[in-house]
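Copied from TrEMBL, the annotated features are:
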REGION    47-91  region 'Disordered'
DOMAIN    103-307  domain 'Aminopeptidase N-like N-terminal'
DOMAIN    343-570  domain 'Peptidase M1 membrane alanine aminopeptidase'
BINDING   H415, H419, E438  Zn(2+) binding site
ACT_SITE  E416  active site, proton acceptor
SITE      Y503  site 'Transition state stabilizer'
DOMAIN    647-969  domain 'ERAP1-like C-terminal'
Amino acid sequence: MGPPSNSGFYVSRAVALLLAGLVAALLLALAVLAALYGHCERVPPSGLPGLGDSEAESSPPLRQKPTRTPKPSSARELAVTTTPSDWRPPGPWDQLRLPPWLVPLHYDLELWPQLRPDHLPAGSLLFTGRVNITVRCTVATSRLLLHSLLQDCERAEVRGPLSPGTGNATVGRVPVDDVWFAVDTEYMVLELSEPLKPGSSYELQLSFSGLVYEDLKEGLFLNVYTDQGERRALLASQLEPTFARYVFPCFDEPALKATFNITIIHHPSYVALSNMPKLGQSVKEDVNGSKWTVTTFSTTPHMPTYLVAFVICDYDHVNRTERGKEIRIWARKDAIANGSVDFALNITGPTFSFLEDLFNISYSLPKADIIALPSFDNHAMENWGLMIFDESVLLLEPKDQLTEKKILISYIVSHEIGHQWFGNLVTMNWWNNIWLKEGFASYFEFEVINYFNPKLPRNEIFFSNILHNVLRKDHALVTRAVALKVEHFKTSEIEELYDLFTYSKGASMARMLSGFLNEHLFVSALKSYLKTFSYSNAEQDDLWRHFQMAIDDQSTVILPATIKKIMDSWTHQSGFPVITLNVSTGIMKQEPFYLEKVKNQTLLTSNDTWIVPILWIKNGTTQSLVWLDQRSKVFPEMQVSDSDHDWVILNLNMTGYYRVNYDKLGWKKLNQQLEKDPKAIPVIHRLQLIDDAFSLSKNNYIEIETALELTKYLAEEDEIIVWHTVLVNLVTRDLVSDVNNYDIYPLLKKYLLKRLNLIWNIYSTIIRENVLALQDDYLALISLGKLFGTACWLGLEDCLQLSKELFTKWVDHPENEIPYPIKDVVLCYGIALGSDKEWDILLNTYTNTTKEEEKIQLAYAMSCSKEPWILNRFMEYAISTSPFTSNETNVIEIVAASEVGRYVAKDFLVDNWQAVSKRYGTQSLINLIYAIGRAITTDLQIVELQQFFSNMLEEHSRISVHAKLQTIKNENLKNKKQSARMAAWLRRNT
């Protein structure tokens, strides 16, 4: 708990919440006491309009939180209570949405965090604040609801009705009889003695206090870090989606936009940043005589509460001007001096200019600040005028030249700048349409990068970064569509919307829309949408309406239905379709994609079909767009002849969000073309064929042999991203770690090594002769690790030798850095092929590094040892000695994941399970059971494992472990059947 606030006394936010339930029984007694206390004299604090010294007069009584101890004062106060739902009458505070009685117009907000450089916080920090909220009343009400959580209310007044043009000096007051909190629904409730008048404006004046925590990254939070050899601290904010209420009482919904005047009081050695440029500064003296700086900022545009931002820090910055507007990048002084922010600075201005030109709408604010925090769990946040990033996704170090970090920074900066239009300028009306900002920002990050890097393979990168992952997770039984019809969410449910479907499926929807229209029409519709709803809010139907307007204004693009009907079929239902083409008959059909489809499974009704755009190629030539707008349809033009040169591929450039299946003849024709001339099929479609075929075979749409046939041509494949797709699907982690796969391993080894020569020779030569040539080859940087790791796993002699060479050079001369894309593999095989001498070298490196990412990398490498005694020693260190006990890397789980380590870890747990549980927690024991039991295939093995670990687990854990082990067994049995078929095919084809 921090020091007492200047305006009163303080109770911990956490304590108030924890004890709220315990004190519920006291509420009736408090109500009686409240009646005895009566009104009190209080001197309102000054510094905001309407709170000047001349206004000091009687304040309405407040009800004090029952957990608070009365302060020593002659003035008596009533308590502010927190009321559990079962102790209060039913009312609007039980609803998840604010009632529409008040509309916020403007906030005057002042925050005063007690952050001092000479007294760094130990976990938490006090802040106080005041806010005046101008509201318009729409419905007569004597109950005011606004959001507030984890704050103490020190004072509450309502002034008005306000008279335009007369100022606030002569307005009256509406007495506040009571203030209480509905904690479960996160409301502050003001009970008034008389109702507000519809059509009139009022000003709510609230004083509050709370705590800032270092370990929480919601609302206001702290970073404690080291810069220029000194320990320092900063304060920053993260208010999206619903955390503004953690910082100040507000109307915390995205449609309730308002303007903000923000004032931050801070220590003179710090700089304060907010959404708008600094307006002025003054000096304030506290009760102890200490001087503080008062920084005020210009008025913001209309914006939602989740975009409000604050930072107080001791940082340096670099800046540039773009089209008359200042761009500043803030970071630790060391990072600025080292030039680590220069790359971000150089791409930020041109990105703003590109999007301004694309949408013909200028960036709305006079400045743009970007700040890099030492620790930021959200990675990046688009706050209007003050974007916040984690250092790891903004700073570019010299050592990063052989990582994908440069392109990663480009994507994330572009994404957040894209939000300045999608989300900030035009905001979704409610969180059920969050994809309108996240999906389009995700899509346009690729458009920005493609514009500035035209040589990048745009389709392959979109597949690798977006499509590959989301298609693996999405299916017909997923409970979540991109756009949700339900509008009432709990806060936790809103946070769950920030997922793969919102971002990646949302981006895929935008890309598909652009694909079946054209770029000009797509951008034209977006311009109209953005212009119409600037500084306002929109819903999905608003977007479709503007697309329909653009379509109706031209005659080139003809659609089979309205844009709303087409796109709603994709955004309002979960999953995606599998499109199957019979090339003999030209019949095309659609069905939902299910994970592990069973025979004749279908939940598709006549209302659940998708309206599917089919862009396609025949014999290498792009064909006209067609539409599959019903369950099944005939396309005679898609029939193929007996000619060896006749083949068809659906879903040109993979712009459609679906997978494609063919009849046996269709797959056969594609196999023939790949073996005869693979380059006749574009790279993106070689990727597509492999990924679709393996996914469809895994989920029972086609036979595994059909997918394997597509790999025969690979000796001629020189595109590493295609190889990466093959290996990700073929050489899975289960296959690599399954010790029972000795039957398939020699067959797969012989089959793949015969085909790996070309691609291996290309990249092993680059690594040996000019590894820096890879620094701008993004697809190689993300693919090389899988290629290198598979080659070594298969025992390719040159791979093992190259690993040994690189490892030895690094050990002898640490300045000889191992190329980052293959560092994991090289370190692992350096240990696997070495002795305890090499292991001790890695242990020493681990001990001396402070970088968490490097520690994790080294820990995994040390688990690659084939020596049981070394692995035992490793685990012993993990539970008993520094430096392992100072970080959260679970060494026991890492060891258990390796082939040798599985058995070593099992024996180690017998003797040390209490120490392991104490070090890593009970859940780690459960994870270890799964790791050790990952190869089980019989009920007897499950019983043996459960007996083995029975004394380590509580009863409820035993039940969940049994269910999980049954799932593992069933999955292994399925994989065993699949592996047997793969082995039979490999025998026939090696």
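Just so you know, glycine gets a Cβ as well, placed from its N, Cα and C.
Mapped onto this structure are the features recorded in TrEMBL.
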residue : record                             : Cβ neighbours (10 Å)
H415    : Zn(2+) binding site                : 23
E416    : active site, proton acceptor       : 26
H419    : Zn(2+) binding site                : 24
E438    : Zn(2+) binding site                : 26
Y503    : site 'Transition state stabilizer' : 20
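Close to the recorded Zn(2+) site, the chain also has E382, E416, G418, F422, G423, K437, F440, A441, S442, E445, Y503: residues not among H415, H419, E438 whose Cβ is within 8 Å of the site's Cβ mean position. Per-residue confidence over the domain 'Aminopeptidase N-like N-terminal' (103-307) averages 94 (mean pLDDT, predicted model).
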